[in-house]
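Here's the structure, in structure tokens; my notes come after.
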Amino acid sequence: MSSPTSTVEKGIRRRLPPPLNRMGLFEPYIKDGKKVTEIVRLNPVEVFLAGFIPPMFGSVSAIAIALIFHNDEISNYNWQCGRARLPSLSRIINLPVERTFWQLFLLFHVPIRVVELITGCKFFFLFHYRQKTRISRYKRMRNVNYKRVWLYEFSRYLYFVVGLMELIFLSGLSIIGERENIQVHVIFFYVFGICGIVHMISNIFCHAHSLYYLNPYGRLSYYLKILFTSLYVLSTPILVASFLLYWRKCITWAYDVFALCEYSGVFLNICFHGCAFFDIRYKVTFSVRKIEDLPQNEPSKQSADALPEKH
């Protein structure tokens, strides 16, 4: 008869994931009648940097190049309401060099953001119909003590849909500038801003009622998101008011305020998404797995019913 200690040890061993191979990947294992083979595993910090550095570098480069090297082309131009010293972001990305930096680096990060949105929501049919609840970070990490599940689920889907719209309109305003169609560009710009605010709020709500709120760094990320979102929201009425003051009241300094609000809005948006570093550093593993039906005659050598899920 086995001792209680040996029974506990066997239970622990059954819960541990299968051993790693020489490539640092899990050996193939059986789960829910499926054979799971891990193909590649990505460092979450490297994935974050691939999605964070390009838009930050592209936006800073475009603004810096415009203000330092092309200042005469975009600054000190006279309009019907007087001289504007700082150019708007739309005018900056109209210049050939600045446009190249902006489009190249901002559009580069869009596919990575799309993957992040998909893993954050229950978008199962893109992967495997039997694994529909396993790729949703926020669904699996919801705090079980939070009782308003319907509100959490609504926020989770809002996080995905509005986040995807934010990327679509960001791409649109980057491709269709003032010189192509100024009306469409302005519409894309304001819809992008509204989508950004809604996406931030839904992200904060899901964060507050999920295990992402826990340490390490859970609370730090939460408060930073609130800070960046608050500043982003507060800058919106200032941006709109300064734009109207310039064009309707011809107050010349108002356009400089409008331009500064545009610059700060871009950086606050990027900083908000930069909080993902604290969310995924110790809580997420990015893994690509092949899931296939288990043949009838193949024995189940390894069982990993309690294997931690990965994205």
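Here the Cβ of each residue, glycine as well, is placed from N, Cα and C on the backbone.
Automatic, uncurated: that is what TrEMBL annotation is.
TrEMBL lists 47-281 with the feature domain 'CWH43-like N-terminal'.
The transmembrane segment annotation in TrEMBL covers 47-69 (among others).
Here TrEMBL flags 104-127 (among others) as transmembrane segment.
Counting same-chain residues at least six beyond the ends of the transmembrane segment (157-176), those with a Cβ under 8 angstroms from any Cβ of the stretch are 93, 102-103, 106-107, 110, 113-114, 117-118, 120-123, 138, 184-185, 188-189, 191-192, 195-196, 198-199, 202-203, 206. The transmembrane segment feature in TrEMBL is assigned to 157-176 (among others).
Here the transmembrane segment (182-201) has long-range neighbours at 90, 158-159, 162-163, 165-166, 169-170, 172-173, 176, 225, 228-229, 232-233, 236, 265, 269, 272, meaning same-chain residues at least 6 beyond its ends whose C-beta is under 8 angstroms from one of its own. Feature annotation from TrEMBL assigns transmembrane segment to 182-201 (among others).
Under the heading transmembrane segment, TrEMBL lists 222-247 (among others).
Outside the transmembrane segment (253-280), and at least 6 residues removed from its termini, the chain residues within Cβ reach (under 8 Å) are 44-45, 47-48, 51-52, 55-56, 59, 63, 81, 84-89, 113, 116, 193, 196, 200, 207, 212, 217-218, 220-221, 224-225, 228-229, 231-232, 235-236, 238-239, 242-243, 245-246. Annotated transmembrane segment per TrEMBL: 253-280 (among others), in sequence order.
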